[in-house]
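Per Swiss-Prot, disulfide bond is recorded for Cys62-Cys129, and the stated evidence type is sequence analysis. According to Swiss-Prot, the domain 'Ig-like' annotation covers 41-132. Per Swiss-Prot, the feature N-linked glycosylation site maps to Asn63. The signal peptide feature in Swiss-Prot is assigned to 1-40.
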Amino acid sequence: MAFWLRSLGLHFRPHLGRRMESFLGGVLLILWLQVDWVKSQKIEQNSEALNIQEGKTATLTCNYTNYSPAYLQWYRQDPGRGPVFLLLIRENEKEKRKERLKVTFDTTLKQSLFHITASQPADSATYLCALD
C-alpha cells in the first residue's frame, strides 16, 4: 500500500470558516514575515508531496541559508488542525530519535533530515520544519 506525506514551509487553510482561525492565521503570517525579514532567512523543504511504500523509510529534507540556528524543530499538521510538535534538535546534536522518528542536523550543510521508519498510512500529514 502506498500513501503520501506533504512537506511544506508554510500552509494556511483559509476555507476553515472560523473567524478566530482566520485572525490567528493572519497574525501568524505577519509574525512569520517579520521574523523572515529580520533574519533574512530562507527555508526550503523537499517536494510538496512524497509517495511512500508502506513499511519503507520516508525522508524529508529541510535546507536553510544565511545563519546558524540554535535549534531546529519538526511539526506534523493533519488536515483541518494546527501543527503538533514532534522533535527539537539543537545545533550541537547530530541526531535525535523518538520511537519511529529520527532527525539529523548538519550545520555545515545547513540541512536537517527527518526520517520516519516503518511508514504507515496513519503517517500521512503535512510536516513542517522551523528554525530558531
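Cβ from N, Cα, C; glycine included.
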Check: Least buried of the recorded positions Cys62, Asn63, Cys129, going by other Cβ atoms within 10 Å?
Finding: Asn63
Notebook entry, point to check: Expressed to the nearest Å, what is the distance separating the residue listed as 'N-linked glycosylation site' and Cys129 (disulfide bond) at their Cα atoms?
Noted result: 9
Notebook entry, point to check: When the pLDDT values for the domain 'Ig-like' (41-132) are averaged, what is the result?
Noted result: 86
